[in-house]
Amino acid sequence: MPRATSEKFTRTHQPSAVASKAKGEAVGGRNPLFNTERFGQHILKNPGVARDIVDKANLRPTDRVLEVGPGTGNLTVLILEKAKQVTAIEMDPRMAAELSKRVQGKPEQRKLNIMIGDFVKADLPYFDVCISNTPYQISSPIIFRLLSHRPLFRVAILMFQREFAMRLVAQPGTSLWSRLSVNVQLYASVDHIRKVDKANFRPAPEVDSSVVRIVPKDPPPPVKFEEFDGLTRILFTRRNKTVHANFQAKGVYKMLEQNWKTWCAETGQMVEDEVNFKERVDQLLEETGYADNRAAKMSVDDFLKLLSAFHDLGVHFA
């Protein structure tokens, strides 16, 4: 994929609707000019919903805003009314050209920087707020890319497919509580803002969407994401099985023992001869009281306490 770069745009090389139709593209449910299907994008066409999304960000005149997947700019033009500067990252050069044309010759043109390319690979600028009608294909990557970005942003207002959004705000003991829920809520507070019916998009997706507000925890918890994710990956393999049962899965003890030996070597610790590593891990699970717990009902704090106990033993997950 192309690296995200700032560019100027013209419509010179855009195919006409007639030419697109000749290639077999439908002009009913899909927009023949743009790769909406290829990039998992659905253009928000309801101006009232767009206005509500931007209003929920509580933008300040000094804010620098990052928008991911602006499409033809229905959200962008509203953001430009309130923010100091907007950086819009768009995969489809033709959509970027349409957005550029939309502000051409207007005062807002000087406030807009368009980057063409892959958000996941782009060098992100400083930003205070992120607003996005998120392309489906990068729903998970955008969350973790944003939460790992420094300096921390103030707030993100993001729209996702409804089930994905509800997993972000799920609570322990509910059917949607998942590894995604835990990993995101470790680093941020997540609130559901509103539901958006699929009829508000062009082309209409198969499911409804929801908008969430994400506020990073500042300061972030002093936990390496790779470590926390390594633990949750094991325990959510079978979310309704006990913690002890998930650790007995093939390869888990062997992987952790190798990590432990690496830690011992790096810290100058002596590796005991014929140590029963499985027994040591099982004893830790019993002593912490988590052996019979299930990931489906464990809170973020539970995972943190368990991870801390393993670290005290010199056992790491990454």
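We number each residue from 1, going along the chain as drawn.
A Cβ is built for glycine as well, from the same backbone N, Cα and C atoms used for every other residue.
Annotated features, as they stand in TrEMBL:
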BINDING   H42, L44, G69, E90, D118, N133  S-adenosyl-L-methionine binding site
COMPBIAS  1-10  compositional bias 'Basic and acidic residues'
DOMAIN    49-218  domain 'Ribosomal RNA adenine methylase transferase N-terminal'
REGION    1-31  region 'Disordered'
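A map of TrEMBL features onto the structure.
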residue : record                               : Cβ within 10 Å
H42     : S-adenosyl-L-methionine binding site : 23
L44     : S-adenosyl-L-methionine binding site : 20
G69     : S-adenosyl-L-methionine binding site : 26
E90     : S-adenosyl-L-methionine binding site : 29
D118    : S-adenosyl-L-methionine binding site : 15
N133    : S-adenosyl-L-methionine binding site : 26
Mean predicted confidence [pLDDT] for the domain 'Ribosomal RNA adenine methylase transferase N-terminal' (49-218): 96
Residues H42, L44, G69, E90, D118, N133 [recorded S-adenosyl-L-methionine binders]: greatest CA to CA distance in Å: 20
